[in-house]
Amino acid sequence: MTVTNDPVVLMKQEVGKAAAQRVHSDTIIGLGTGSTTAYAIQYIGERIQTGELKNVVGVPTSFGAEVLARKYGVPLTTLDVIDKMDLAIDGADEVDPQKNLIKGGGAAHTREKIVDSLADVFIVVVDSGKLVDKLGSTFLLPVEVIPMAVTPVIKALEKLGGKTDLRMGVKKAGPVVTDQGNLVIDVKFDNIEDPANLEKTINNIPGVLENGLFVGVADLILVGEIIDGKPRVREIS
């Protein structure tokens, strides 16, 4: 692990390590996307390189996760070869008391949902700032859309009461493009009272590939906290 005194970084490292410790030999694991999950991938790789873990292969949820896995020596496979995973580790942008999630800050939520839903156990790694009473409180809901359907999808989302914004790139001109070659519309809903119903309703809009609501998928939440200046990990099951 990188040596640092930053308490937030230390917290992310501790949560990533706690998740990585739940990986056992002879397993297939889903490798999520995000800054906290990156530490889990790093630590899994270190355990593989030291021989502590054997016969472990990962399924990446994004090109970024694939790059990290290769960097740290985690062997990879694809869904063309396997049909389920023993464990998936991924982050989230919001978590409600029912363990429902909003994901997609990294525009990888479509592949994340596919991989996470195929795991026997799905572990979510977050910091305490991601815990909310209701989804949509602090984070916009990402919706992946095929390019030709952006305008009609925006109109449909606004009819549902959402305020929409086409996600633009940072350090690049133009909109964000997903690994699937699609665009992302970020939507603000004042209240998401029924996440399961909204997830289905949005996905039924023609042109929508997937949205960032993950309902009834997470099994365990590992929450990083700073207590008395030191990182701690709390479990929500």
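Using the three backbone atoms N, Cα and C, a Cβ is placed for every residue, glycine included.
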_Matching residue for the substrate site, where Swiss-Prot names THR33, GLY34, SER35, THR36, ASP90, GLY91, ALA92, ASP93, LYS103, GLY104, GLY105, GLY106 - out of LYS130, LYS134, LYS155, LYS159_ = LYS130
*asked:* Restricting to the binding-site residues THR33, SER35, ASP90, LYS103, GLY105, LYS130, which ones have a CA within 10 Å of the CA of GLU112 (active site, proton acceptor)?
replied: THR33, ASP90, LYS103
*Enumerate the residues of the same chain, THR33, GLY34, SER35, THR36, ASP90, GLY91, ALA92, ASP93, LYS103, GLY104, GLY105, GLY106, LYS130 excluded, that satisfy the criterion Cβ within 8 A of the mean position of the Cβ atoms of the recorded substrate site; list them in sequence order.*
GLY32, THR37, VAL126
*Could you tell me which three-state DSSP class GLY105 (substrate binding site) falls into?*
coil
*Give the residue from the binding-site residues THR33, SER35 that has the most other Cβ atoms within 10 Å of its Cβ, counting over every protein chain displayed.*
THR33
